[in-house]
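K.L.:
Sending over a structure as structure tokens; questions will come in a sec.
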């Protein structure tokens, strides 16, 4: 049995890839149970399943009832915020709030919400700004921390966070890939910073990650996305490998499909760059995460 303890703060377990479906086509049999088992074997004790919009938040919540280790978030991703307008913003917000406050044993955060100016083709900037701000209503009403997203929108993100910081108990900016100055601004707001494969692509990314105090770090996979690729600066620091096939085979990972078990690889890169003991770092991160999302739960 492993000595490591992990909470994967961002895992997209509602994604069809974990059921063998890629781009709408069934490519292999449903291996969801195997994916979860591999994660448990490396020490993942809790999985926080990301809600990307109202429908996805409902699906994530439904999934949480299948295992005691599963929890979820409720919110609307910046690229999907046009749904507020499409369905009526008051009604949409009310539905998100109902889902949040009526499932307090399983919903641990408001999100995924924030700003994504890299993908404005999915949702205009003005719409993203309006409905990121609105989702602080959810955080304030529920008393839950926030699971936050920021891509190429640091200035606007920080501005909204500063104006609304007192309305939420705390939060984590997940999949962080910003500069050292960006990280410092988030730390000044007493936010946590989530690290996954997308946070470890370049030498600069590694230096930024190294600069973040360990008591402000969290860890995630964002699977099936954001895996550590061979071209990433951190890849050479990975010690743990998993049997992987290009074509699916039972008992194996699938090439290019990130899994929650790969959280151990994220830790290995982080610990090597920071020159810290992996077990000590994992324990610090586990406690950070437990404090934000689970400490005050009944």
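Each Cβ is built from the backbone N, Cα and C atoms, and glycine gets one as well.
Computed from a predicted structure; not experimentally measured.
Relevant sequence annotations retrieved from Swiss-Prot are reproduced here:
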| type | residues | note |
| --- | --- | --- |
| BINDING | 112, 222 | divalent metal cation 1 binding site |
| BINDING | 112, 149, 174 | divalent metal cation 2 binding site |
K.L.:
Fewest neighbouring Cβ atoms within 10 Å: which of the binding-site residues 112, 222?
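P.N.:
With the binding-site residues 112, 222, fewest surrounding Cβ atoms within 10 Å: 222.
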K.L.:
State the three-class DSSP label for residue 174 (divalent metal cation 2 binding site), counting H, G and I as helix, E and B as strand, and everything else as coil.
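P.N.:
Where residue 174 (divalent metal cation 2 binding site) sits, the three-state DSSP reduction gives coil.
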K.L.:
Under DSSP, is residue 112 (divalent metal cation 1 binding site) helix, strand or coil?
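P.N.:
For residue 112 (divalent metal cation 1 binding site) - judged by DSSP and reduced to three states - the answer is strand.
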K.L.:
I'm trying to understand the geometry here, so how far is the Cα atom of residue 222 (divalent metal cation 1 binding site) from the Cα atom of residue 149 (divalent metal cation 2 binding site), in Å to the nearest whole number?
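P.N.:
Roughly 12 Å, rounded to the nearest whole number.
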K.L.:
Using the Cβ center of 112, 149, 174 as the divalent metal cation 2 site position, which other residues in that chain lie within 8 Å, going by their Cβ?
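P.N.:
Nearby residues not in the site list: 10, 50, 77, 111, 113, 114, 147, 148, 150, 173, 175, 194.
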